[in-house]
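Q: Sharing a structure with you now.
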């Protein structure tokens, strides 16, 4: 077994370099290959480990974080878990702000890492959590990493996710489909593909929820809350997914492909399969 053991200095060193697996049963078009990048293999359980790490590290390099800094950050879940994990390792005081209808599992996980969790009224949704965090930050005495406006969020994907996808597919990738929340993943990967491999003409496809759908990790933001890191020119096409389709595809991924994931991944895969059906 010694040749199979992968060791690392800390959990931080385990972030990234996630597997990319080819779907075996769900793709109907025999001329198209669809791959899933298993971001759940990150130690915090999601793709958000990447930007969380970059936001911490870059803030430390700039001298913005001190050992006694109090950090406050609004989150819908996965970014908060990733931040809590890294804050625990680095010894920072972290306060996470979430709507009160957030899943109990996410709240419990954040608290297990030692974070303080502040719940805002459910009817105000994530916009209310963001407003609360902004107000506390404005009072002074707080540091906010601000995943919605921090360029270190997409930078993480420009420097890690994008190159990994290119190498995973040996440069044969033609389409990249990503759910859109903070939009960090799609912004960083798009920039990498369009700047480093413009000749490949990789089509960048963003996934948004249909009106009325509630899919954790996929958002359609009101204009005034649109993430500042989002540049619409970096997205070639937008596809909507319903909550029902996201849920069904998530179940199918588990039952047919052995991939256990969340609804935002199911939503992205539903749209990827739609694209695959269209291709020659």
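Glycine is no exception: its Cβ is also placed from the backbone N, Cα and C atoms.
Annotations in TrEMBL come from automatic prediction, not curation.
Pulled the feature table from TrEMBL, pasting it below:
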- 14-279: domain 'Tryptophan synthase beta chain-like PALP' (DOMAIN)
- 48: N6-(pyridoxal phosphate)lysine (MOD_RES)
- 78, 181, 182, 183, 184, 185, 264: pyridoxal 5'-phosphate binding site (BINDING)
Q: List the other residues in this chain whose Cβ sits within 8 Å of the Cβ centroid of the pyridoxal 5'-phosphate site residues 78, 181, 182, 183, 184, 185, 264, in sequence order.
A: 47, 48, 79, 178, 179, 180, 186, 217
Q: Might you list, by sequence position, any residue in that chain lying six or more from residue 78 (pyridoxal 5'-phosphate binding site) with a Cβ less than 8 Å away from its Cβ?
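A: Residue 78 (pyridoxal 5'-phosphate binding site) has long-range Cβ partners 44, 45, 46, 47, 48, 106, 217.
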Q: Can you give the largest Cα to Cα distance in Å, as a whole number, for the residues 78, 181, 182, 183, 184, 185, 264 that bind pyridoxal 5'-phosphate in the record?
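A: Spelled out: the longest distance between any two Cα atoms in 78, 181, 182, 183, 184, 185, 264 is 14 Å.
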Q: Between 0 and 100, where does the mean pLDDT of the domain 'Tryptophan synthase beta chain-like PALP' (14-279) sit?
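A: Looking only at the domain 'Tryptophan synthase beta chain-like PALP' (14-279), pLDDT averages out to 97.
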